[in-house]
């Protein structure tokens, strides 16, 4: 066992400063472990030469006692839908299999400017359309908590950012970047027993993130602790002139209080009754209740609230998702860029065959459905109506967070992240992608619809020895309080993703 795997990012960089460890050694260990854990299929591409140079540069800065940030020399992985200069960015699809961007996504450039070591690109559902990381050109990603990684008893890692979650859970990197459109960071974080943060929409630049649903896409952060998530957020957040949707006001770095200094007496916690839904497992419900009791016993005000339009949220999300997908996928025509078919008898034939060969069935289905919903005869009935209901969903959150009646207002919402523990692949694959997303995204997509921040934190193990997590949501730009409460809960439950994971069931 590599002892530094149990350290936080702050402890790791302190060890660089005092000479206990070096960025090059940690990077070499990480690359070796990534190859040793190839069966997880967390990475689709490692970048050892680039990572080695970044680690060497960081090591030189520490020798000169001139580290440039809290992430200098820290190993990080990037989901394969973020553009990385001179490194393939494929969205796990044949359509972009040969695409090498000439520029970095803003998130990636800010990490590099901070001295982070980028290990490589992580697996995902094709074009981020999925909830299991099983619909990838490179094959499915496995969950390190699986009973057996080599037989039929392996568990999914969640999706669509399952590769990033799996890499962090296995100790292959200290943090990873994912994307979150309807829960694609929080869902795999829940299943893999790590922290997954979806920031406020517009807080982190989407420039260079290949779009799925422009109005909901948010870069997400994976780490093994809340404080590590904060370290990454402090690096990547803030206005970006290359993304007009970023919030213009300057970002104020977050500084979380020490656990012993956190006072919950003024914190109001809401329990949305609509999240007690069909399919919620008894163990998740018990976990939810116990954490609510823990918060109340520690001085927080806890009460039930109602978000009445939650029941419609998954349907509205599905409609809007498919409509925006149809629009975003139109650019992949085999002519301008992307996979190009060999049959060039006509422009129409080239266009049709390139898309037929370049997209999998999941992507094709969403494109077809989205175009159907956007037909003139359907536009008002589906798309326009979905937009109106989306506003009602956002107003539900605004009402509980901003209510003029003090007795009705709350600061934080506590809910499940996923309805169950990570399912077996064979059970997950028995349902269609559409049906799985309707189940897996139920608790997570409302935050994307409203644009508010949310974080998933692991709480305990199920009877089957698998992580169970809960989600916290708060008002827009209230990450400080959201992550403070998350840190307090984290300290009480003392969940350690590495201590219990498969990482220590095998010798490294």
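Backbone N, Cα and C atoms are what each Cβ position is placed from, and that goes for glycine too.
For 79 (among others), the entry in Swiss-Prot reads active site, charge relay system. Sequence-distant neighbours of residue 79 (active site, charge relay system) (same chain, 6+ residues apart, CB-CB distance under 8 A): 121, 122, 124, 161, 163, 164, 176, 177, 178, 179.
For the recorded site, residue 160 (active site, charge relay system), the DSSP three-state label reads coil. Taken from Swiss-Prot, the feature active site, charge relay system covers 160 (among others), and the record attributes it to sequence analysis.
Its Cβ placed at the centre, residue 184 (active site, acyl-ester intermediate) has 38 other Cβ atoms within 10 Å. Swiss-Prot lists 184 with the feature active site, acyl-ester intermediate, giving sequence analysis as the kind of evidence.
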Pairwise CA distance, residue 160 (active site, charge relay system) versus residue 184 (active site, acyl-ester intermediate), rounded so that it is a whole Å: 5
